[in-house]
Amino acid sequence: MRKHIVAANWKMNKTFQEGMALIEDVYKTLDGYKPNCEVLICPPSYFLGAIDKKYCDKLTFGAQDCSEHTSGAYTGEISAPMIASTVAKAVIIGHSERRAYHNEGSEMLAKKVDQALEAGLRPVFCVGEKLDQREDGTYMEVVAKQVKDALFHLSDKDFAKIILAYEPVWAIGTGKTASADQAQEMHANIRKVVAEKYGQEIADNCTILYGGSCKGENAPELFAKPDVDGGLIGGASLEASKFLPIIKAFDK
Ligand SMILES: O=C(CO)COP(=O)(O)O
């Protein structure tokens, strides 16, 4: 059966001290409790080298982005091998905020995915339509194209390492969640697109997360859908007490 994951994307929030305290808080809330999902925390990259390995028995860690280059004169960039030299085991790639504010398109994202895989990191690859694409009815094609253009050069073996995250841009940080039916419709279509290229078994094993105003109140309904395998959580991951109910949504 495919893996269920609840992932935190802290984005550009928390000072170092606040971040370390939040990791400790999340860890403590899991004391004496075994989640029915993997709990993945993606803080700003500069935290990663300082995270104590003791947390890794309950939490996994990841970065929010990596460079498309391996090393060299790219001031301010952080490479996949650098990330992989810390506790991190995963990296978010193609978040809509990177696509929008840093002009990241499929060609660049394909290179980032290659870098991550080469370094032994699991890419959490984000896709999602904008509001006008939802409204004009092209959202299925838009998202299918994002998946194909950045990922379909991969071998079966490499594609099997990809975690997908469907994050409708209109639902991110807006308080407007996709309904569970809207998420299910999209996730099922993504799985179909993957199956057409990589076969049913790889598609059935592919974890597809939902992201966009996911919180404790709506997570149980979203995660109950057959093709929704967890969440990629922004705002509600910034406090342990708000994050825990999302993790617990898999207990229901
Ligand atoms: O972008 C997101 C996670 O990557 C979702 O953010 P919010 O949960 O704040 O809407």
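Every residue gets a Cβ built from N, Cα and C, even glycine.
If you check TrEMBL, you get these features:
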ACT_SITE  HIS95  active site, electrophile
ACT_SITE  GLU167  active site, proton acceptor
BINDING   ASN9, TRP10, LYS11, GLY173, SER213, GLY234, GLY235  substrate binding site
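Overlay of TrEMBL annotations on the structure.
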residue	record	Cβ neighbours (10 Å)
ASN9	substrate binding site	27
TRP10	substrate binding site	20
LYS11	substrate binding site	19
HIS95	active site, electrophile	28
GLU167	active site, proton acceptor	27
GLY173	substrate binding site	12
SER213	substrate binding site	20
GLY234	substrate binding site	22
GLY235	substrate binding site	17
Those binding-site residues in ASN9, TRP10, LYS11 whose CB falls under 6 A of ligand 1, listed in sequence order: ASN9
DSSP-derived structure type at the residue listed as 'active site, proton acceptor', helix or strand or else coil: coil
Three-state secondary structure, which DSSP defines for GLY173 (substrate binding site): coil
Residue pair ASN9 (substrate binding site), the residue listed as 'active site, electrophile' - Cα distance, angstrom, rounded: 10
Cα-to-Cα gap, SER213 (substrate binding site) vs GLU167 (active site, proton acceptor), nearest whole Å: 9
GLY234 (substrate binding site) - helix vs strand vs coil (DSSP): coil
Distance, GLU167 (active site, proton acceptor) to GLY235 (substrate binding site) (CA atoms, angstrom): 14
